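Peer 1: Please see the structure below; I have some questions.
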């Protein structure tokens, strides 16, 4: 894929059966937990994108032996803990990776220095560093905890921590640090977030206690990791990533005559908010062949071209679909009426300011968008937008893929300026979409 640009053009119907790449969240965690565990962990279906490979290299730097045995098949020999790295840990663009790794590293009496690419160096890490500091870790770095920074861990105290925002990354960092904290840890969530860390800790042999408790008219989720948990290597089958499956599925919904099935998609209820929302918009979206793999429910999803209508997305749904709002906004651009997306301020501190970039990209393609501090409103006419724009992505893979999907059904082609970053989460995106019949070419 050219770094200079990539463009998509309207064409015929999209048809076919494909598999989504492995889930990025579970792929990161399989590497980290495998390195923390004692013994052998085998992984199948790993997402071999740039972000996960950066996490794999980091685990090697912390002393784990990691080998690739085939496409998506990896073996991790863990030593039951981390060794002090001899060089700086470069996490590339992997925000999930660096935040979880810092949590894991905080449990060991050593120093580790972390950096990343330009985008990651601009993202604040304070939300993770604050609870780690309360547990006894120390750090030295730039303003608001921006990378590069050095973390010194060891001798951690237990912590009862209420998340100030819905963040699975912060929760996971505290839980991973809690593996080596005196007294264990408890994380209290005001809104339930993706629970892959809890599920996978159990799969590796740890005890994790999850309880929902009422406080007034609100329910809080309490996640407790008792002291002294040990991890043992296991087998991980990585399901298809619902965030990646969203792109071919939405493409099928907006390109006339299309029918696309994505097999093996994870259906964890804390990750499927987009599919619920699309069905509320009138999408012909059918889930079949539901089964369980490595503790996660998976299934096949078929999408057929649909006339969509605007909806109000409940703000409390945001944690279950925070990465999918850019592609939801594309679907909304083809719907009739307003689609209101609020309570998504978290989008502004992702790989880019995704609220502004999504709004600006859609506006450039002729879509009516109102940007708000914590969200945006997209008004569609029920007809294809005009397209014909080059969208500025600031190197954000989800912004790039979302607008390329728009171009497949717009009145004129749409180009994106930095498609190279798509490899962070969906390295086979262009080939998969071409295989379904899409027109994609270098810009």
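Including glycine, each Cβ sits where the backbone N, Cα and C put it.
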Peer 1: 24, 123, 169, 354, 398 show up in Swiss-Prot as binding phosphoenolpyruvate; which entry in 95, 97, 145, 420 does that record put in the same site?
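Peer 2: Given 24, 123, 169, 354, 398 bind phosphoenolpyruvate in Swiss-Prot, the matching entry from 95, 97, 145, 420 is 95.
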Peer 1: Between residue 25 (3-phosphoshikimate binding site) and residue 95 (phosphoenolpyruvate binding site), how many Å separate their Cα atoms?
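Peer 2: Residue 25 (3-phosphoshikimate binding site) to residue 95 (phosphoenolpyruvate binding site), Cα-Cα distance: 11 Å.
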Peer 1: Determine the minimum-neighbour residue: among 25, 167, 169, listed as binding-site residues, which Cβ has the fewest other Cβ atoms within 10 angstroms?
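Peer 2: If we count Cβ atoms within 10 Å for the binding-site residues 25, 167, 169, the smallest count is at 167.
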Peer 1: If you measure residue 354 (phosphoenolpyruvate binding site) to residue 323 (3-phosphoshikimate binding site) at Cα, how many Å is it?
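Peer 2: Checking the Cα atoms of residue 354 (phosphoenolpyruvate binding site) and residue 323 (3-phosphoshikimate binding site) gives a distance of 9 Å.
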Peer 1: Between residue 350 (3-phosphoshikimate binding site) and residue 123 (phosphoenolpyruvate binding site), what is the CA-CA distance rounded to a whole number of Å?
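Peer 2: Between the alpha carbons of residue 350 (3-phosphoshikimate binding site) and residue 123 (phosphoenolpyruvate binding site) there are 7 Å.
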Peer 1: Residue 95 (phosphoenolpyruvate binding site) has how many other Cβ neighbours within 10 Å of its own Cβ?
Peer 2: 20
Peer 1: C-alpha of residue 323 (3-phosphoshikimate binding site) to C-alpha of residue 169 (phosphoenolpyruvate binding site): distance in Å?
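Peer 2: So the Cα of residue 169 (phosphoenolpyruvate binding site) lies 13 Å away from that of residue 323 (3-phosphoshikimate binding site).
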